[in-house]
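**Q** Following this message is one structure expressed as structure tokens.
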Amino acid sequence: MTYIYRDTKITTKSTIPFLIFFLFCFSNLSMATLKHKPVNLVFYVYNLIIIFSSHSSTAELRRLLQPSKTDGTVSFLVIGDWGRRGSYNQSQVALQMGEIGEKLDIDFVISTGDNFYDNGLTSLHDPLFQDSFTNIYTAPSLQKPWYSVLGNHDYRGDVRAQLSPMLRALDNRWVCMRSFIVNAEIVDLFFVDTTPFVDKYFIQPNKHVYDWSGVLPRQTYLNNLLKELDVALRESVAKWKIVIGHHTIKSAGHHGNTIELEKHLLPILQANEVDLYVNGHDHCLEHISSVDSNIQFMTSGGGSKAWKGGDVNYVEPEEMRFYYDGQGFMSVHVSEAELRVVFYDVFGHVLHHWKKTYKEALYFAS
């Protein structure tokens, strides 16, 4: 079956399907949750409208709202490179995510891309969505929004299917757009579509076929994205700024640094005093600092298949803080006073932790 997608706006013509879609998704919400946290309904309705109108062909940065806890803090997990129907320890990582997520009382989960292997989703009806997502991440603590970006493997499938808000009829946790912003009060999270930056996917795709619908003309798409990101970062009034993309900027892993992102994206992050850049792509867990900026580079790409050994060869050893070539995930806890990151292995053991106080961030910025 072939699906035809058009840029969607909430108009009179689209009101009826939107209302049907909203009622379906709303019926899956926990009434107990809404009873105790009625403000969540406001956020839910607003976000649903934005998501429903988001799968356009532009690089426009849509904004979603994510409430913090009553104490003002925000906690979330980060996982990348995972969708393999539970194989390569994906199910075991999911189990530990559920346990850590409960301990931390997380507000949401972030996926750094390569959500469905090997070649994304084939359609809205691809069973891979439920086999690799819904039926794997079943813990109560993981029944929260999953804010997701696309990876290069996702671009080998039907991109519009994975971006479609209609997937929320199957699992209302799923939130996937090309590039977007989540405003979580004390922290702003900027999700960036990094795959179109990488030249080799266009010049030397080998046997792979990429779905570039909505991206071409490429240069216009990238210019618009970089411009909007720069403006959004500059205008952010949040205490903390975190940027999420699939591809590495700095990495000691198999893929190493992404030259195109070093050239085009990194200067914008440096100029706007971003605190973290979080990515997947390399199937490992790692933390790299920076000698010339405030940015910390965190890789969380150990959601399933990992690449063992032989990859650590970073050209700036003084920046290398942590590298682990196995499966796992990371957590982030944000408060007014500090930003805290923890890496976990497939057994839930803490491998590495790092924190920065807001005073330190101000000192470096000055």
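Start at 1 and count along the chain as shown; that gives each residue its number.
Positions of Cβ are set from backbone N, Cα and C atoms, glycine also.
Below are the features I grabbed from Swiss-Prot:
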ACT_SITE  His255  active site, proton donor
BINDING   Asp81, Asp114, Tyr117, His283  Fe cation binding site
BINDING   Asp114, Asn152, His246, His281  Zn(2+) binding site
BINDING   His281, Asp282, His283  substrate binding site
CARBOHYD  Asn89  N-linked glycosylation site
SIGNAL    1-32  signal peptide
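Mind running through what each feature is packed against?
**A** Neighbour density for His255 (active site, proton donor): within 10 A of its CB lie 19 other CB atoms from the protein chains shown.
DSSP assigns His283 (Fe cation binding site) to coil in the three-state reduction, placing it in neither a helix nor a strand. Within 10 Å of the C-beta atom of His283 (Fe cation binding site) sit 26 other C-beta atoms, taking all shown protein chains into account.
Counting only same-chain residues at least 6 apart in sequence, those with a Cβ under 8 Å from the Cβ of His246 (Zn(2+) binding site) are Gly80, Thr112, Gly113, Asp114, Val149, Leu150, Gly151, Asn152, Thr194, Thr195, Asn279, Gly280, His281.
On its own chain, Asn89 (N-linked glycosylation site) has Ser304, Ala306, Gln327, Val346 as residues at least 6 apart in sequence with a Cβ closer than 8 Å to its own Cβ. For the recorded site, Asn89 (N-linked glycosylation site), the DSSP three-state label reads coil.
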**Q** When the Cα-Cα distance from His255 (active site, proton donor) is computed for each of the binding-site residues Asp81, Tyr117, Asp282, His283, which gives the smallest value?
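**A** Sorting the binding-site residues by distance from His255 (active site, proton donor), the top entry is Asp282.
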**Q** If you draw a 10 Å sphere on the Cβ of His281 (Zn(2+) binding site), how many other Cβ atoms land inside?
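**A** Result for His281 (Zn(2+) binding site): 27 neighbouring Cβ atoms inside 10 Å.
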